[in-house]
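Novice: Sharing the feature lines straight out of Swiss-Prot:
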COMPBIAS  123-148  compositional bias 'Polar residues'
COMPBIAS  155-164  compositional bias 'Low complexity'
COMPBIAS  186-215  compositional bias 'Low complexity'
COMPBIAS  417-427  compositional bias 'Low complexity'
DISULFID  Cys254-Cys446  disulfide bond
DISULFID  Cys261-Cys477  disulfide bond
REGION    1-64  region 'Disordered'
REGION    104-215  region 'Disordered'
REGION    254-261  region 'n-CRD'
REGION    408-442  region 'Disordered'
REGION    446-477  region 'c-CRD'
Amino acid sequence: MTDIKRNFSDIASPANLDDTKKLHVDSTATTKVGRKPIDTEPKSKRTAQNRAAQRAYRERKERKMKELEDKVRLLEDANVRALTETDFLRAQVDVLKNELAKYTGGSDFSDLNLPTKVGHLSHPNNHHSNVSTGTPHGSMSSSNSVASLDNDKPSSASSVSNNSPGFAFDNPWSKDNIQKLKHQHQQQQQKVPQGVPDLVSGSSSSSTPLNDNLLVTPESLTGLSTSSKYTGQNNVPTNLDFTNQFDEQVDPFCVKLNEACGTKSNPVPKFKRSGSKANTSVTNNSPLAHLVSPESQQYTNSSNIDFMNDPFFNGVGTDYNFNFDSKNGSIQDPLSFLQDDNFDLALAFGDPSPTGNEAEADPISLLTTEESIYDPLTNNSDKLCSTVKADDVNTDFNFNDFVKNSLPEKQEKGKYEPPSTSKTTNNNEEEDKDEVVPAPPQTLKCSEIWDRITSHPKYTELDIDGLCNELKSKAKCSEKGVVINTADVNQLLERSIKH
């Protein structure tokens, strides 16, 4: 038997029906149109939470990527600065080597060897580090952003490492590299010429790997300077080679002018050496030769001793000539007694001619008088001082003139010439002006003289060689090199222009 459901209105009373209608009307009146049912609230709450979590995750990911991009940019800038500084320092080393070669006269630097292989970091773009974010989607997005960043901004280090064939990714302190460097160093030592001394003759040779790798061969430096070119993003080569950019004509001009003060091979100035006298055979035929024993009279100075003609010992304007034989100490020097401190030159070589007042000035004759001048009971010291005149003693005796006149080449007429008693202090002071060690205030150095010559309006009409020879005659030696007075430079310039 089937059950048939009955309607509620069939069994409810009329009063109950009125109450249910009122409740239905009240419920419809309180609810608003469009409001979702209550059973959907838990689902919407979960959706809002998921959206907030995704938003926070994206913000954290963007913040992390921005920090990584800033770090990459800083590292790229530091790498570019380091490479630029390396190229600049290498160019400076080449310039200093060339300058050193000019002064030393050779380009052999056997004890300055560096390794030809320098180990450094590999290509930074070959190894990308993916940021792990906890989800596969996040890791893929972060790696893609890093790849896009590297594609947009290529690193300059990659271009340098790709275009620099002089570098290799090898450890400079490896065993193979050390053996190669030792072999190269031995070959360089065999190629060193015997006449050229090393820069550091007493340098200690260490066998540690660090010191071995701090040695630089000239071939390795030249190879690095010529082969290493920094290539930027636009592939513009900037070769920092300043080898032939200095001293176009200043170097030969100054080298020729520096001959006035001597060079490395000839320390004595050339123009004074060429004007020096021929080899002189010095004998002992002086007026004082009778004081020497016959054994020493047979000795004559050989003509092959060239230091007698050296301008350093026998200058044109100097007062000191060393025309004595110092090679053989066993043979007595005929004029050695003149070097004795107890020997009075003024009394020995004074004027022997008697004066009118000699009888009064003779101390021996005064002893025979009735009233002796040396009587201890009387104070006659004033009489003695008044009788002896200062002219009786030759105070202006010049020992150098006496030695010059005593030599055979000075005695052409066979007679002894008395030494000159004129005062030579003024001449000596004038000649000493040419040997001033500190530079005078109004002088010009070689580079300043060359600047003044090249800035002259008639520079093309000047005879540079002739002007240089004239400047050498006016040159002075100082701690700064050759210097010439400004007035002399201007005078010689005007004279050369008139010619």
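Cβ coordinates are placed from backbone N, Cα and C, and glycine is handled just like the others.
Keep in mind that what you see is a predicted model, and the values were worked out from it rather than measured.
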Novice: Do you know offhand how many angstrom separate Cys477 (disulfide bond) and Cys254 (disulfide bond) by C-alpha?
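Specialist: Cα-Cα distance, Cys477 (disulfide bond) to Cys254 (disulfide bond): 13 Å.
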Novice: According to DSSP, which kind of secondary structure is Cys261 (disulfide bond) found in, if we only use helix, strand and coil?
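Specialist: For Cys261 (disulfide bond) - judged by DSSP and reduced to three states - the answer is helix.
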Novice: Any idea what the model's mean pLDDT is for the region 'c-CRD' (446-477)?
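Specialist: For the region 'c-CRD' (446-477), the model's average pLDDT rounds to 85.
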Novice: Using a 10 Å radius around each Cβ and all protein chains in view, which of these disulfide-bonded residues has the most neighbours: Cys254, Cys261, Cys446, Cys477?
Specialist: Cys446
Novice: Cα-Cα separation of Cys261 (disulfide bond) and Cys254 (disulfide bond), in Å?
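Specialist: Rounded to a whole number, the Cα-Cα distance is 11 Å.
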Novice: Based on DSSP, tally up the residues of the region 'c-CRD' (446-477) by helix, strand and coil.
Specialist: 22 helix, 2 strand, 8 coil
Novice: Check Cys254 (disulfide bond) against DSSP and tell me helix, strand or coil, would you?
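Specialist: Note: Cys254 (disulfide bond) is helical by DSSP.
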